[in-house]
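Taken from Swiss-Prot as is:
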DISULFID  31-84  disulfide bond
DISULFID  35-60  disulfide bond
DISULFID  44-65  disulfide bond
DISULFID  48-67  disulfide bond
DOMAIN    20-85  domain 'LCN-type CS-alpha/beta'
MOD_RES   84  cysteine amide
SIGNAL    1-19  signal peptide
């Protein structure tokens, strides 16, 4: 019983530590969400935590919103076969 509990706890921690992270991307344009206030950023945090994104934390890094704790289903920059600003 203790072994099962330990295995479950380890799997949970692995999922938490290895959660997806990356730049939040606009699916229609292929561009990153821009921001100008580097570091802690209310806009980025709000966008990353939105229901359709599912992230746990967001901040402004290199003038774009970086998200942590994203589910695997959330798209991040770059999108395959879609370049920002190009058709």
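Glycine is treated like the rest: Cβ placed from N, Cα and C.
Sequence features, as recorded in Swiss-Prot, placed on the structure.
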| residue | record | Cβ contacts under 8 Å, 6 or more apart |
| --- | --- | --- |
| 31 | disulfide bond | 25, 77, 84, 85 |
| 35 | disulfide bond | 41, 43, 44, 60, 63, 64, 65 |
| 48 | disulfide bond | 24, 55, 56, 57, 58, 65, 67, 68, 70 |
In the three-state DSSP scheme, residue 67 (disulfide bond) belongs to strand
Out of the disulfide-bonded residues 44, 60, 65, 67, 84, the residue with the smallest number of other Cβ atoms within 10 Å is 84
Residues in the domain 'LCN-type CS-alpha/beta' (20-85) per DSSP class, helix first, strand next, coil last, are 8 helix, 25 strand, 33 coil
